[in-house]
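Quick notes on the structure that follows.
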Amino acid sequence: MVELNFEKSVDGLLPAVVQDYVSGEVLMLAYINKLSWEKTLETGQAHYWSRSRNSLWLKGESSGNVQVIHDILVDCDSDTVVFKVDQIGDAACHTGHRSCFFRRVHQGELVVEGKPLFDPAQVYGSK
C-alpha cells in the first residue's frame, strides 16, 4: 500500500483536493487520515475524516452523491493528495452546489455563482 506522511501533521490529517476527473473542476477540499486513506484505496470510493463529527465519512453516505476514484496524485512530500473522481449525483458540496467553490471574490465581495442542485434540508434534514 502507498504510505502517506500522516506524522507530518499534528492531528494526523492531510488535505485531499478533489477534482472532477474529466473536466478538472475542483469540487472540494477535505481531509484524510490513515483510516480514510485505507478505506479509499480498499473500496475505490472517496472516504474522508469529518473534523466536525470526528469520524470516518464515506462521501455520499447521506446524500447519495458518491465519489468514485479514477486517479490519485500524491505530492512530493507525501502529505497532500489529489483525488480525481467521477462525481455521482452531480453535487459535491453539502450546500447542494456542484462544487464547494461556488463563491467568487468580485470587487472585494463574495458573489454566489450557480444554483444548488438539491435542497440540503430535504437531504440531510433540518439542523
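Using the three backbone atoms N, Cα and C, a Cβ is placed for every residue, glycine included.
These features come from Swiss-Prot:
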- Asp75, Asp77, Asp79: Mg(2+) binding site (BINDING)
- Cys76, Cys93, Cys100: Zn(2+) binding site (BINDING)
Please report the Cα separation of Cys93 (Zn(2+) binding site) and Asp79 (Mg(2+) binding site) in Å, rounded to an integer.
23
If I restrict to non-local contacts, at least six residues apart, and a C-beta distance under 8 angstroms, what lies near Asp79 (Mg(2+) binding site) in its own chain?
Leu4, Asn5, Phe6, Lys8, Ser9, Leu14
Rounded Cα-Cα span from Cys100 (Zn(2+) binding site) to Asp75 (Mg(2+) binding site), Å:
22
What three-state secondary structure does DSSP assign to Cys76 (Zn(2+) binding site)?
coil
Where's the emptiest Cβ shell within 10 Å among the binding-site residues Asp75, Asp77?
Asp77
